[in-house]
Amino acid sequence: MAIVSAEKFVQAARKNGYAVGGFNTNNLEWTQAILRAAEAKQAPVLIQTSMGAAKYMGGYKVCQSLITNLVESMGITVPVAIHLDHGHYEDALECIEVGYTSIMFDGSHLPVEENLAKTAEVVKIAHAKGVSVEAEVGTIGGEEDGIIGKGELAPIEDAKAMVETGIDFLAAGIGNIHGPYPENWEGLALDHLEKLTAAVPGFPIVLHGGSGIPDDQIKEAIRLGVAKVNVNTESQIAFSNATREFARNYEANEAEYDGKKLFDPRKFLAPGMKAVQGAVEERIDVFGSANKA
């Protein structure tokens, strides 16, 4: 299966009552881990780059080339979309130009009418090149590349207006946040999600901040209409924990590890890479997208 737009497989998820994962990558190893997990689970997947991660990796063209060539060299057979996560207007246009197959234009920080107008412009440009479009109403809590939100509930009328711009899937605040959830978090506003999906029947909703939400709430959100769940923090924590454990073991057994040449960065990064793959596979199972390729 070639790299594709996300439109068809996100729509299929919405229609059939499961969700696909949008997994953020940060480097070569993360990309390989996500692809291996998707292939092992035979699940369609979006590999996402935030603006910050793309800058770190060398730019959008580098990211697009890396993912495209890894899909080919690794013999990946499942559908893979290359997706921009929380992109500004100029970034969205650049990603369309360099070959991303899906983009999120995040104008949630703009006045509603300006957000709608710019989203409509992006949709026209993207769809002309077969690129799927995600947009956001309200703001998702937490911080994502300088955009800070408090976890508000997306206004229903704004959501309906955003869908009318022609987007393919909609990110809407339902009490979710980016990053670790605080102990006093009240949970997803599932009653609001139910009202939202009733207002835009059959339309795919995106759940951002998927890391740390209890599985039962995620599954209920999927039942109510969520068709894409974004994951980043969970993978970061898995990578960090595995790498720290390896480093602690190295320090305790330095002579032995040196003898095995475990200072080789390929070996040093391997435990974290394996942990990311495991985290992605586990999320795919929860989302119900295994064997849906």
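Including glycine, each Cβ sits where the backbone N, Cα and C put it.
Swiss-Prot annotations:
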| type | residues | note |
| --- | --- | --- |
| BINDING | Ser50 | D-glyceraldehyde 3-phosphate binding site |
| ACT_SITE | Asp85 | active site, proton donor |
| BINDING | His86, His178, His208 | Zn(2+) 1 binding site |
| BINDING | Asp106, Glu136 | Zn(2+) 2 binding site |
| BINDING | Gly179, Gly209, Gly210, Ser211, Asn230, Val231, Asn232, Thr233 | dihydroxyacetone phosphate binding site |
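Feature map: annotations from Swiss-Prot on the structure.
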residue	record	Cβ neighbours (10 Å)
Asp85	active site, proton donor	28
His86	Zn(2+) 1 binding site	27
Asp106	Zn(2+) 2 binding site	28
Glu136	Zn(2+) 2 binding site	27
His208	Zn(2+) 1 binding site	30
Gly209	dihydroxyacetone phosphate binding site	28
Ser211	dihydroxyacetone phosphate binding site	23
Asn230	dihydroxyacetone phosphate binding site	27
Val231	dihydroxyacetone phosphate binding site	26
Asn232	dihydroxyacetone phosphate binding site	24
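Taking all protein chains in view, 20 other C-beta atoms sit within 10 angstroms of the C-beta of Ser50 (D-glyceraldehyde 3-phosphate binding site). Each residue contributes its Cα atom, and for the residue listed as 'D-glyceraldehyde 3-phosphate binding site' and Asn232 (dihydroxyacetone phosphate binding site) those atoms are 10 Å apart. Checking Cα-Cα distances from the residue listed as 'active site, proton donor' against the binding-site residues (Glu136, Gly209, Ser211, Asn230, Val231, Asn232) with a 10 Å cut-off leaves Asn230, in sequence order. Closest to Thr233 (dihydroxyacetone phosphate binding site) in space, going by CA atoms and restricting to the binding-site residues His86, Asp106, Glu136, His208, is His208.
For Val231 (dihydroxyacetone phosphate binding site), the binding-site residues whose C-alpha atoms fall inside a 10 Å radius of its own C-alpha are His208, out of His86, Asp106, Glu136, His208. The Cβ of Thr233 (dihydroxyacetone phosphate binding site) has 19 other Cβ atoms within 10 Å, all protein chains considered. Closest by Cα distance to Asn230 (dihydroxyacetone phosphate binding site), from the binding-site residues His86, Asp106, Glu136, His208, is His208. Comparing CA positions across the binding-site residues His86, Asp106, Glu136, the one lying closest to Ser211 (dihydroxyacetone phosphate binding site) turns out to be His86. In the three-state DSSP reading, Thr233 (dihydroxyacetone phosphate binding site) counts as helix.
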